[in-house]
Structures are given as structure tokens and as C-alpha cells.
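Let me begin by presenting the structure, written as C-alpha cells, before commenting on it.
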Amino acid sequence: MTMKKSIIAFPRIGSNRELKFALEKYFRKEITEEELQTVAKEIRLENWKSQKEAGIDSPISNDFSFYDQTLDLSIALGAIPGSYKNLELSELDTLFALARGFQDEQNDVKARPMKKWFNTNYHYLVPEINKDTIIKANFSKLLNEYKEAKSAGFETRPTIIGPYTFLVLADYKSGATKDTVLSDVIVAFQTLLKELNQLGVEWLQIEEPALVLDQTEEEKKLFVSIYEELLKSKNNLNILLQTYFGDVRDSYKEIIKLDFDGIGLDFIEGRDSLALIQKYGFPKKKILFAGLVNGKNIWRNNYQKTLELLTALDEVADIVINTSCSLQHVPVTIKNETKLSKEILKHFSFATEKLNEIDEISDIYFNKNTSFLKKNVELFENERVRENSKLKQKLDKLTEKDFTRQPSLVERRASQSQSLNLPVLPTTTIGSFPQTAEVRKVRLQNKRGELRQADYDTFLEEKIKECLKLQEDIGLDVLVHGEFERNDMVEYFGEKLEGYVFTQKAWVQSYGTRCVKPPIVWTDVTRPEAMTVRWSAYAQSQTSKPVKGMLTGPVTILNWSFPREDISLKASTLQLALAVQEEVLDLEKAGIKIIQIDEAALREKLPLRKSDWYKEYLDWAIPAFRLVHSKVKPETQIHTHMCYSEFEDIIPSIDAMDADVISFEASRSELSIIDALKAHHFKTLVGPGVYDIHSPRIPSVKEIQNQLEKILDKLPIEQVWVNPDCGLKTRGNAETIPSLRHLVEATRVLRKEKVVYDK
């Protein structure tokens, strides 16, 4: 089959989040596994239909997952830690135990660690390799989904994460190394190739995004050794090596020498992809799958620029128009958006629309059909938005002084200690409290205009009072108002700022059942009025304990939005920083003594290659955070929070944010960050999360006590705060309340053991 139009993968949540809702019903035991599988099958069928109808030559199979594709591969290879095997659950329930943890009368196992998938807001479950790991091939999921598509009339290209990326991302325990399982992993993949040959499959797509990371010589040799051996088994099967999220500069010369039939390169984030081809050439007998349509943003493709790039690739004999990465990072379709005007929607392209863009670009380039080009050129010729001149003047006037808080961290600490009068090991939460069906219902009624604002405000006041009373009863030291007025930590602020537009159903998977609806930065961003002061001030008026003001930081707001492409990320972030700074100062004026500015997504846009970290990102992202709090009083304590990323290698930059307290996700990662904090002589006070809120299991007092003891073995008690690892919005009260009681009880035990007076 001749291919000209391709994608890497398609969203798997369903156009109306059908998978999320089915999974949640399954977890609540409201539907059977068979009913869950039926929903999954319907989503897959709809996805294949959409691709085929848009002219995609080879729709993708095995891009579906009930939770995470990396976890699927771990299971396919048999890389399942013994504690999960011993549960003796079904294969599907074992998968969910790995992802969510499992707790019953006889068993109690934690969920596997999650990490951000390269530089995205998607999270993967980290594979574990230990001395007891026995790799054994079981690719029934991939094979069954291929056969399912075939029986429905679709000849698909199965996709799978490759052995190199699997080995690079895995966590090695009890003395195990890559070499421990290398030969067995290769044999397992050889088994897969044999089975695909027997089925008559034409193409297999092997995803190796780890090739865009900095590679050591040892890693380069590992990659080559894997594929020199594996490709001997391909027989009649065509193998596509698919890369994304950057370029493969370290191993391009080796890649083009290997016996791949197709090579997928990213020309959106792959800064050097074109230069590599121009310098080293591209083999005439191989097909280039050119990632020209952005799989991570929602703006229309500029066909003229894409055609210029294709022209520069003229020497390549065989080209397929492809996405730059999986489309799972964008919403499914704009067809669900009925409230945005056509004038706005015409600038957007979600996953389904990107299929059409690929079809049109292909028609223009291969068939010289210029009708689509003319319309696209007109779209980009017209000015979309105008610059805010007042905002530009403010930004132009910024000096180094605006990015520096005085006095120093150590001097401020004394003022804050006196002002707040907190015990050693202060206890708090990260911000949000469980949002019940009632809260979501009332908030939606208000949004639709079905509830008077005064009645809604009264409802929120009651919920805040309940939340404060609960926290006081539990014994927490620093309280939060619960964030019941907020649907999402980014969308809420976007709605209060000028410059954003919002969708109804543009959902994107973050992990498992967790979906987010990123707002879209449409134009220059400003703050017309206070956003959070009303509720923070009310909460503080109801208690004598300090209540944290809760904000999302500028870097995270941008990283969890769909950013503009007509100005730089730095420019957008500084606009947001000025807006958040205004809010911080208003909270301080309202008597809020502790203000938390979450930067949960700080790591997300960090370039994947270390040589680009500072110039391309940290040199402006860290100052943007400092700009937000540079003008507050010494006695105002600034907190920030970060979650589910690897921070160990940027600890000095995090310290340079100059916050007074930083809380980290640490429970799933087994407190690995503590060693890095100690090694770098981290000065900021820290709250490493002592239990995992993304799992429904309830930690015991002893478990939290053990976590705290591990922390205090490495950090001085005066430096430590005690908190969960993230906000509690997605949990239920049934788990949250006992977990927090256990947290406070464990803290009090430690205070007594350390002979510290508990206030």
C-alpha cells in the first residue's frame, strides 16, 4: 500500500469522555468488565472510522489504553512487581492496581510512580525492573486490537512503545540493570514481530521518543544493538521507527544505517531535523514520515510554511505527511464547540480537524490542488489580534529590581516565624478539598444562569465554613478555603483574566480518568479585577488560624493552556506574571499572611536537552515567578507547589524561585527528591508529600510516620512542613478525612519523639 497521509496516534478518551465515565463506573462496581470493554470497542471503532473517512492511509491500532500505554507495555512484557502478581486479580484489574493501588482486608499495595511523559502534561506509569523480573511476551492486547480492526474492515498500523524507550524510562531496583533484561526484552519483541508476520500485518510502528533526549555513547550503542538484532526478525513486516518531541541529532547517522523501512521525524519541535537530513542525507529506499502537523497545539496549520518545509525536503524520494506526535495531547474535535463564534473557531484545529489538514496538505503537495491553499493563506494574512500597548509599556519598564524580593530568605524567615507562630512540622494541605456531586451541580447551575449569584455566594460561604471547621477538627495548622468555586486550577484563572477563550468539551487526558480542559490564550493577557480575594478574605474572617491564599503561577497557567504561536512563551508568561502579581498584592492587603502560588507544571516546558535548559527556558521562567512575589512584605509567607515531575536536576533553579516554602510530590517517587535537596543544601522550607492522593487507598498513621522519619533523617526538623502530595479535589471525603487525621496524628507522634512542644 502506498502511504502519503499518516498520524502517530489518536485520542482514546472519546469525543465526550466516554472512557473516563465508563472507567469511573467500573471502579464503583456499577458496570461489569464486559460492559467496560464494549465502551472501549466503540471508541476504537469510531477512531478508525474518523481516520479512514479523512483519508488517512493506515489508521492506527493499539493506541487505545484503559490507563497508560507505557503500563500496557510493562504488562505485555511481564514486568509486573511481585506484590501486584500476588493479588491474583484479573489482567485488567492488575493493570488498575498498578495504576491506582489496591486495598482490601488482606492486601494493601501502593500505586506505581507516575512521571510526566517527556515535556507534556500527560503522565505515564514508570516501569519497574528488579532482580525477580521475568520478561515474557504477551502481546495479546496489540494483536487482538489489530484483529478487531481487521474484522471491522480497517487495515491498521499497530503502534507500540519501543524497547529502547522502555529500558531508558524504567526504574531499576535491587541491583537490576538494563543488561539484566536486555536480551529477554529483545526476544519478546522478536516474538511480537513473528506473530505480526503470521497475521500478515503490513506495518508496525515502534515509538522511540527517548531518542530525542541527550544520549551518551553507551545509550547510543544500546539503541543500535537492540535494533541490529531485532530487525533481523522483521521478514515481510515493514518497521517504522517513530520519534517525536524533538530531533534525533545524537543518533541520526546510526538510525539511517539500520534496516528500518520508515523513519518518523518531528519537524515542529525537532529544531535540527531538517539540518540533519541536509547534512547526512536520507536513504532512498526508506520512507520519511514527516511530522509537519503540530500534535500538541490547537492552532490551524500554516500551509504555506509547511509547503516551504516540504520543498526543502525535495531530495527525499518518499515522504508521508504526518503529525509531529500523538494527537492524544489535543482535544478530539471542534464539532462539540457550539458557543465559540465561527470567527474564533476557524483558527482552531483539534485531532479530527488535523486529520483533514493532513489530507489537504497532501492534496496540495502531491496533487498540486491549490484550492485549499488559497483559503488557508487568507486565514493567516488577516490580523487575528492587536497588541495591548499599555501592557507592553509595563513590560518594557521592568528592571532587575522588579524580579528581586527583599530582604533575603533567611531574614524574612524570622519575621514570618514571629507573625505566624506555627509549631514545628506545620501541617497543611495543598489547596483543594473534595468536590462532591452537589458542589459541581450548584457551580454548573450558577454558570448556566439557573441560580442567583447571591444564592451561589451563600452556598460557597457555607461550604467554606464546613471546610474550615473540618480542618480545625482534624487539627491542621494552616488552613485552606477548599476552592469550591473553582472547576480547574487554570481554567478558573483564565476565566477571570482578559485574553483567554474557553471551550465546552475540549478535553485532554492527563492520566487515567483525569482529563483537563486547557483554556486557550487568544490575545494579550491582563487582570481586569481581583480574582480570589473575595473567598480568601471570607475564609480568613471565619478562623483564627492562618488561611492560605491560593493562586496558580504564571508558568503553570501558560503550560496548562494552549499557548499562542504568534508570540514567544516568555512574552506570554511575563504578561501572566504581572496579572498574578496584582492578585498577590491584593491578597496581602486583604490580610492574607500566607499566599501559595502553585507552579505544578514548572518542569513541563523544560527542553528535553540539557544544553537548552537555561537559555531556552529557565532563564525566563524562574524570574517570571520571582516577579509575581517580589513586592510583598517580609512577613508575608510565599508558598509554591510542584507535582509529578523530576526536579532533582534543577534544584538550584527551584531554590532561585525565592519562595519561602515549597511542597513537592514525593510519596510515589519514594522520597527520592530528599537526597537531592540535601545534596544541594536547599535553603527553602519544604513539604515533601507524605501520601499519594492520586490513589484511593488510605495511608495508616504508621505509614505516614515512617515517611516523616525518612524525611527527618535527611532534613532538619525546622525545615520541614507536612502535607499530602497534591490537592484533594479528585478524592472523596471517605478517603480524605481519615487520611488527613492520620497525617496529623503521625506528625504529633514525631513532635513528641523529637521532644518538641506541640502548640
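Placement of Cβ uses the backbone N, Cα and C atoms for every residue, glycine included.
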Site-mate of Ile430, Gly431, Ser432, Glu483 for L-homocysteine in Swiss-Prot, selected among Asp314, Asp318, Asp586, Asp598:
Asp598
Quick check: of Lys116, Lys702, Lys710, Lys714, which does Swiss-Prot put in the same 5-methyltetrahydropteroyltri-L-glutamate site as Arg17, Glu18, Leu19, Lys20, Arg514, Cys515, Trp560, Glu604?
Lys116
At the Cα level, what's the spacing in Å between Ile430 (L-homocysteine binding site) and His641 (Zn(2+) binding site), rounded?
7
How many whole Å apart are the CA atoms of Glu604 (5-methyltetrahydropteroyltri-L-glutamate binding site) and His694 (active site, proton donor)?
19
Out of Leu19, His641, Cys643, Glu665, Cys726, point to the one nearest Ser432 (L-homocysteine binding site) in space (Cα versus Cα); all of them are binding-site residues in the record.
Cys726
Cβ distance under 8 Å to Cys643 (Zn(2+) binding site), same chain, sequence separation 6 or more: which residues?
Ala600, Phe664, Glu665, Gly689, Asp725, Cys726
Spatial neighbours of His641 (Zn(2+) binding site), counting only the binding-site residues Arg17, Glu483, Cys515, Asp598 and Cα distances within 10 Å:
Asp598
Proximal residue to Gly431 (L-homocysteine binding site) among recorded positions Lys116, Cys515, His694 (C-alpha distance):
His694
Taking only the recorded positions Glu483, Asp598, His694, which one has a CA atom nearest to the CA atom of Arg17 (5-methyltetrahydropteroyltri-L-glutamate binding site)?
His694
Express the distance between the Cα positions of Lys116 (5-methyltetrahydropteroyltri-L-glutamate binding site) and His694 (active site, proton donor) as a whole number of Å.
14
Collapsed DSSP category at Leu19 (5-methyltetrahydropteroyltri-L-glutamate binding site):
helix
Distance from His694 (active site, proton donor) back to Cys515 (5-methyltetrahydropteroyltri-L-glutamate binding site), taken between C-alpha atoms, in Å:
13
